[in-house]
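One structure is given here, and the rest of the page talks about it.
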């Protein structure tokens, strides 16, 4: 049996606690002065320095107490996700698997004992349907659902409707990864010749936005998504959380990635490698200054989650012929 704790036989009898047991933060900090003095008078000084460093780091993290919780999730699998096409602002429904994912997410949160107070979605049906199904599974259908274009998926411009695997074949997998995942790369804009232009911009849902249709994006980078999302987060969602409400955001792959970049302080370079599975709730715990107190948690079966992440990553790869 391997050793699982930082113990040293020479210390065992001298310390005012047992190192093979978990300590409360108070016990640990109260004991530091005495133990440090003891070790400074002995040949264990180097050992103790390392131990203090490791335990104190954990204690400091624990002292940043979680005051708020918020759930962020990418909607269940959409019909075009299944077809491996850039969906973006085209309004597609959930696939059969996407419906199952949304219901499973609701059951998971219900079994964990969570009670939502408000859900935020985009203006796109796959985001809204995910919220409805999740709340139905939780038996919390009465919870308010607030919709905003600012949570919409990233606008992929002229790439909307194209097949990702075919793009990878024609332009290379790394190029497609940069188009999909990079932070500040803006794609060629959609114009009136595009087959989905009128379907998007003649849709009356966009007459409800806080900007005119003419000012709605025609293409976006992830940076652009964050810039249109952050004012809504700061001005509308954060005040709800500060009132003590448990919020869930049913967003899209890139609106969720943009928000996580902001909350988790993910660098421009590292965000390229952040991939979110569909229909998986992410729990974020924040301190009073809205800084994360621990790494974000993807809830559910971890093997299934990793498989779902790989599935999303494979969308931008050349399809292997069988």
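Every residue number used here counts from 1 along the chain in the order it is shown.
A Cβ is built for glycine as well, from the same backbone N, Cα and C atoms used for every other residue.
Those TrEMBL annotations? Automatic predictions, nothing curated.
Some features that TrEMBL has for this protein:
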ACT_SITE  75  active site, tele-phosphohistidine intermediate
ACT_SITE  153  active site, proton donor/acceptor
BINDING   126, 153, 154, 155, 156, 180, 181, 253, 254  substrate binding site
SITE      252  site 'Transition state stabilizer'
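Counting other Cβ atoms within 10 Å of each Cβ, the recorded positions 75, 126, 154, 181, 252 show the lowest value at 181.
Applying an 8 A CB threshold to same-chain residues 6+ apart, the list for residue 156 (substrate binding site) reads 86, 88, 187, 219, 220. Annotation: 126, 252 are the recorded positions among 126, 154, 252, 254 whose CA atoms are within 10 angstroms of the CA of the residue listed as 'active site, tele-phosphohistidine intermediate'.
Residue 126 (substrate binding site) is 9 Å away from residue 252 (site 'Transition state stabilizer') when you measure Cα to Cα.
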